[in-house]
């Protein structure tokens, strides 16, 4: 059994399985549900409940901010509460919404704490502390609920797939883990695991972690619970168990905000208590309070922080900082993906009569319905390309966001919704320099496979346009046509297949161009010398970027390829070279590492998903998060001795 392959792709496959299962649950509930019913459920929500939900949201984020304050104390570098609250709010909000691996709370925290003088080791301690604290709360409350109310979860209980005693045993195990952590903090504050020293925070701090995290989880669940109408038998205690399980499933799926997985689990679990329309209405309001509104607030705060950091150095800003100084690109990618999700569901809502629609004619009003869901689907795919910093994704993102503005204007939706898309588009336009990578469509010759993808995209687009402009289904989203039992089977199949092929073609064309290393021969060595790069006595290959404007040599070791120092060359090409090397290593199934890097390039490595570590001898390394730097050094020494 190939454990390396399972470790690399297992989480992704597991997440996809969860997502597919959740989508099945959601579409099953939507078959007999109308948008009007959801609208009625939303309108029936008392204003008092909305105010209470807003209050619980403030308390929830206030509790989260304490995580970072305690984390900085644990790291031995106490930061003021005002600063830690800013870092915590932005980190948790962006991580909650975006969900991409490149935009974790760790990356956001690194940006803040590095600016405030913390070393990478100290920042790592803060991140580890906050992550562990959140997990302790889930284990403490989740274990208690599983032990006392195991049948609250689907498929658990008498006559179900999972007996109640099994769930209770899991609950006890969760409590044993929490108790063991607290006890170890008292009796064994320092110990080693696989050669790494682990420093526990101490008995009082451990108790504070468990209590704080439990309050956080309970308060967050209270936001959702107060938005639900009263339901016989649904106590807060039972709902708490449902919420923890749903949130855990969303985290395991690794999709932005647990989208689809969290919602599907909630729908399935609350089915015995409430109608689907009321549950979906509460889900939408919960996402508005806990996800969307804080996202825009955090985006504004983060932008203000960046402007404050750069104000004194705008005149001497280097290209490395412009490209990698912050998380603008991942944030833009997440906003584009969020915009795609919104457009997917906008297509199912009725349009209003507007002057633009009357001027454009009936065809424009009808097309806006179907087009909204198509543009939304494409935005989701393009957001992936934006995350990979592809030039073509930048152009496609601008085009699709512009389409979104036009669609919303034709439909007569609220002006502020269109303004959000316009603002995202303007933000994206201003970040042109941050998208510098070639896609397979533009960076490689047009092979038969790429011609097929292009042709499939064009044909599917024409097919969907035909459906949009004709017949009674022109006022529906594409997914409504597929799920509509009254639609002709050939039409449902044609639309579903066309959308699937269109998205598949777009995904294939929006992948980064394949990378090939060059031989380390005399010609390559001469080019490296001309760039000012290191020219080691022995290397296994060379990576050049942007037509030879930057490059470096590297060694191929067991499980890891190690670059010799920073890429040398022009500033933007150096950044591109790092990403090219990472892609090359991903394709080869090995981990990337850079040995002996300069501190001026640390942000570039962090942006590419690598951690930077200062070794005892003063050398700085950049490597994948699960790599042991000492092991890499031993491999380098062994390889050098064998040369």
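If you go along the chain as it appears here, the first residue is 1 and each next one adds 1.
Glycine is no exception: its Cβ is also placed from the backbone N, Cα and C atoms.
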Quick one: which of 69-87, 392-410, 525-543 does TrEMBL have down as transmembrane segment?
392-410
Using a Cβ-Cβ cut-off of under 8 Å, list the residues of the same chain that are 6+ residues beyond the ends of the transmembrane segment (416-435) and lie near it.
319, 322-323, 328-329, 332, 335-336, 339, 342, 386, 389-391, 393-394, 397-398, 401-402, 404-405, 408-409, 572
Averaged over the domain 'Phosphatidylglycerol lysyltransferase C-terminal' (542-617), what pLDDT does the predicted model reach?
85
